[in-house]
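> First the structure, then my questions, so here it is.
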Amino acid sequence: MRSARQQGYPVQLCLAVSGLTQDKMPADGRLTMTPAPSAIAGGAALMLDRFLSEFDRALRAVAGVTRASRPNPADAVVAPATSDDVAKLSESDRRHAAGLMRVNHVGEVCAQALYQGQALFARDPAIRAQLDQAAREEEDHLAWCAQRLQELNDRPSLLNPLWYAGAFAIGAVAGRLGDRISLGFVAETERQVEHHLDGHLDALPDHDTRSRAIVAQMRDDEIRHGDHARQAGGIELPAPIRHAMRAASRVMTTTAYRI
């Protein structure tokens, strides 16, 4: 470590800060500057605060107790939801719609985990803020899907803790690889989610207007998130990684539809 004199600090100032007097100064005249305990404690407190915040968000995502900050788009179509809304669906249509919305709910659980893992290791504060903002919007999706599942008299996936843990690990790895790769991962993820939601709009029963309104708004948000990631410097991921992401997505969607 460089001495105080080498760093250009006045020796008298360093003595005053350290509590030494001139006669107690080291014989070689070198006074080493070390971080103040208060600075170390402050940094540790910030890290602990962020960890606790992320842990709280994880628990809420897995438990399905998040709250939307925006109105549910389904309420603009059929407001409020009534038993008649679900009664219009045949039992097979209800189960099918619930399976698709359960898949979408799992996708939003994974989105929370991915964004949190990436934000945790983001180097640029502006990128971290962008990831946090996207995660907050994804919380709206999570709340909307959870509400619709309840209206359809069904439940979220029983494997949500597993989905969350796996997605968080992937997000953390992407974040560690650098901001441009991490943003590229966001862009590719959102591109695949957009394609997946387009498929759900085709597959949902025509008269399930509430589910369709939610999925349509989710798709618009995902397109915007992907555009922002590319504009912020996200790079195109190699083809093998894109193919692996699609394969993992197929496993998730097939499993979550039923479990």
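Glycine too: its Cβ is placed from the backbone N, Cα and C atoms.
Remember, it's a predicted structure, so these values are computed and weren't measured experimentally.
As annotated in TrEMBL:
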| type | residues | note |
| --- | --- | --- |
| BINDING | E108, E138, H141, E222 | Fe cation 1 binding site |
| BINDING | E138, E190, E222, H225 | Fe cation 2 binding site |
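Burial and contacts for the listed features, if you can.
In sequence order, E190, V193, E194, L197 are the residues of the chain that are 6 or more apart from E222 (Fe cation 1 binding site) and have a CB within less than 8 Å of its CB.
A helical conformation is recorded for E190 (Fe cation 2 binding site) in the three-state DSSP classification.
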> Take the mean position of the Cβ atoms of E138, E190, E222, H225, the recorded Fe cation 2 site. Which other residues of that chain put their Cβ within 8 Å of it?
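What remains near the Cβ centre is A111, A134, E137, V186, T189, V193, D221, I223, R224, G226.
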> Excluding E108, E138, H141, E222, which residues of the same chain place their Cβ within 8 Å of the centroid of the Cβ atoms of the recorded Fe cation 1 site?
G107, A111, E137, E139, D140, L142, V193, M218, D221
> What whole-number Å value do you get for the CA-CA distance of H141 (Fe cation 1 binding site) and H225 (Fe cation 2 binding site)?
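The Cα atom of H141 (Fe cation 1 binding site) is 13 Å away from the Cα atom of H225 (Fe cation 2 binding site).
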> Give me the count of other Cβ atoms within 10 A of the Cβ belonging to H225 (Fe cation 2 binding site).
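That number is 25.
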